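J.: Shown below is the structure under consideration.
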């Protein structure tokens with residue numbers, strides 16, 4: 001699809017770290033937009049990003065957010081990529097370790113995340129008159145609630161989000177060491193069958209029919225109508241927002 005293809009078009013150049021008024025800001029050359037991350041969960045999360053065109057993760061991915069903590073990343077015009085939250089992480093002093101959900105190989109992400117996780121997707125505009133595309137999707141499953149707010153835009157920009165309790169069925173659940181549910185797999189991720197993944201002979205709207213799990217994931221629909229555009233904006237990404 002157009003939206004997914006555009007995620008493989010941008011190259012990211014990293015700059016240096018710089019604290020600003022107690023809020024950590026990691027600057028990037030040729031910045032066009034600020035992505036702010038806010039953790040409203042009752043536990044620590046490790047935000048992760050995956051950049052298009054095999055570019056490096058934003059801010060190198062080596063940061064965590066305690067409850068109530070936030071961080072800003074300034075991104076280049078045309079940047080495209082994926083954003084999600086890692087949970088239940090444990091890393092040593094060298095950055096080696098794993099996360100219960102959203103794991104990406106190490107503290108500094110070395111690739112895309114391991115589903116399931118709630119996914120935010122962006123294509124940052126190339127200028128103030130161009131639109132940024134963004135959405136939140138459950139195509140990779142669900143682990144935390146997320147919300148995207150556009151700030152300072154030149155148009156009436158809508159927010160995107162998903163905080164629904166999915167009531168995850170047993171066959172889709174991911175549990176921790178104590179048996180508590182920490183994430184919910186997508187149907188495709190759980191069964192890896194063409195019919196569940198809308199692949200091969202089931203890759204068209206006519207052949208990709210809704211299944212018994214479709215209603216559960218309607219809280220974050222993955223279709224054209226759920227993708228938003230905004231011009232000249234910065235964005236706030238909130239994990240575990242209290243409301244949409």
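Backbone N, Cα and C atoms are what each Cβ position is placed from, and that goes for glycine too.
A TrEMBL annotation is a machine prediction, not a hand-curated record.
Below are the features listed in TrEMBL for this protein:
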DISULFID  41-240  disulfide bond
DISULFID  89-99  disulfide bond
DISULFID  104-109  disulfide bond
DISULFID  157-230  disulfide bond
DISULFID  162-220  disulfide bond
DISULFID  168-184  disulfide bond
DISULFID  188-197  disulfide bond
DISULFID  198-208  disulfide bond
J.: Would you mind listing, in sequence order, the residues at least six apart from residue 99 (disulfide bond) in the same chain with a Cβ closer than 8 Å to its Cβ?
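T.: Spatial neighbours, sequence-distant, of residue 99 (disulfide bond): 46, 86, 87, 88, 89, 90.
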J.: To which of the disulfide-bonded residues 109, 240 does the lowest count of other Cβ atoms within 10 Å belong?
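T.: Ranked by other Cβ atoms within 10 Å, the disulfide-bonded residues 109, 240 bottom out at 240.
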J.: Could you tell me the C-alpha distance between residue 168 (disulfide bond) and residue 188 (disulfide bond) in angstrom, no decimals?
T.: 14
J.: Can you count the other CB atoms that lie within 10 A of the CB of residue 104 (disulfide bond)?
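T.: A 10 Å sphere around the Cβ of residue 104 (disulfide bond) contains 23 other Cβ atoms.
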J.: For the C-alpha pair, I'd like the distance in angstrom between residue 41 (disulfide bond) and residue 162 (disulfide bond), rounded off.
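T.: So the alpha carbons of residue 41 (disulfide bond) and residue 162 (disulfide bond) sit roughly 14 Å from each other.
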J.: Within 10 Å of residue 240 (disulfide bond) by C-alpha distance: pick out those among the disulfide-bonded residues 104, 184, 188, 198, and say none if nothing qualifies.
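T.: Near residue 240 (disulfide bond), where near means Cα within 10 Å, there are no disulfide-bonded residues at all.
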J.: Which whole-number value in Å describes the distance between the Cα atoms of residue 197 (disulfide bond) and residue 208 (disulfide bond)?
T.: 8
J.: Cα of residue 109 (disulfide bond) to Cα of residue 184 (disulfide bond): how many Å, rounded?
T.: 22
J.: Within 10 Å of residue 188 (disulfide bond) by C-alpha distance: pick out those among the disulfide-bonded residues 104, 157, 198, 208, and say none if nothing qualifies.
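T.: Hits: 198.
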J.: Validating a neighbour-count step here. Other CB atoms within 10 A of the CB of residue 41 (disulfide bond): how many?
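T.: Excluding its own Cβ, residue 41 (disulfide bond) sees 19 Cβ atoms within 10 Å.
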J.: From the disulfide-bonded residues 104, 157, 208, pick the residue whose C-alpha lies nearest to the C-alpha of residue 184 (disulfide bond).
T.: 104
J.: Compute the C-alpha separation of residue 230 (disulfide bond) from residue 208 (disulfide bond), stating it in Å without decimals.
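T.: Distance (Cα to Cα, whole Å): 30 Å.
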J.: Reduce the DSSP letter at residue 89 (disulfide bond) to three states and note it down.
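T.: The residue in question, residue 89 (disulfide bond), is coil (DSSP, three-state).
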